[in-house]
């Protein structure tokens with residue numbers, strides 16, 4: 001009878017472990033795909049901005065003439081490279097589960113989120129000034145002279161903000177994977193002299 005119970009427990013434990021392995025694989029696959037998605041988007045935003053230039057009787061303009069657009073191109077290039085590398089690491093079973101790599105993903109995901117967000121924000125401001133100008137300093141709009149350039153640039157900026165949304169999700173995932181490894185804070189119950197976990201009110 002005892003041997004039968006032991007066999008039942010072993011079978012139950014094996015089934016639970018197998019189920020957890022399936023769940024872990026599904027999560028790893030989802031994270032890998034989410035990390036791969038920004039690669040194409042970043043490259044698309046980068047290429048659009050690189051090819052965005054215009055020459056006419058008023059002169060010539062390209063992304064390199066505007067520091068905000070120059071920053072956007074380089075930010076998207078860095079983001080594409082990191083996304084591809086992190087996806088390759090995340091796809092390896094158990095490779096991203098060690099504490100140093102969890103911390104690395106957490107820190108780099110946060111940094112990339114703000115880097116790409118900053119690129120989109122400053123580029124949006126430049127586009128606004130290009131379309132509307134600034135009457136306070138008698139700065140007229142530039143898009144009336146370089147309409148073709150202005151019409152293509154927003155596509156790159158919009159794609160960059162889509163990448164920001166994906167990186168917000170990645171930051172949440174990496175934060176969850178990191179902080180779930182720590183025990184909740186505990187307080188000592190002076191009446192019973194025991195520690196009690198605090199999960200919040």
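Just so it is clear, glycine is given a Cβ too, placed from its N, Cα and C backbone atoms.
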Annotated stretch (transmembrane segment, per TrEMBL) among the listed ranges 151-173, 174-196: 151-173
Correct range for transmembrane segment (source TrEMBL, candidates 15-32, 33-50): 33-50
Remote residues contacting the transmembrane segment (151-173) - C-beta distance under 8 A, at least 6 residues beyond either end: 31, 34-35, 37-38, 41-42, 44-46, 48-49, 51-52, 69, 72, 75-76, 79, 106, 109-110, 112-113, 116-117, 119-120, 123-124, 127, 130
Number of helical, extended and coil residues in the domain 'Casparian strip membrane protein' (25-165), per DSSP: 111 helix, 10 strand, 20 coil
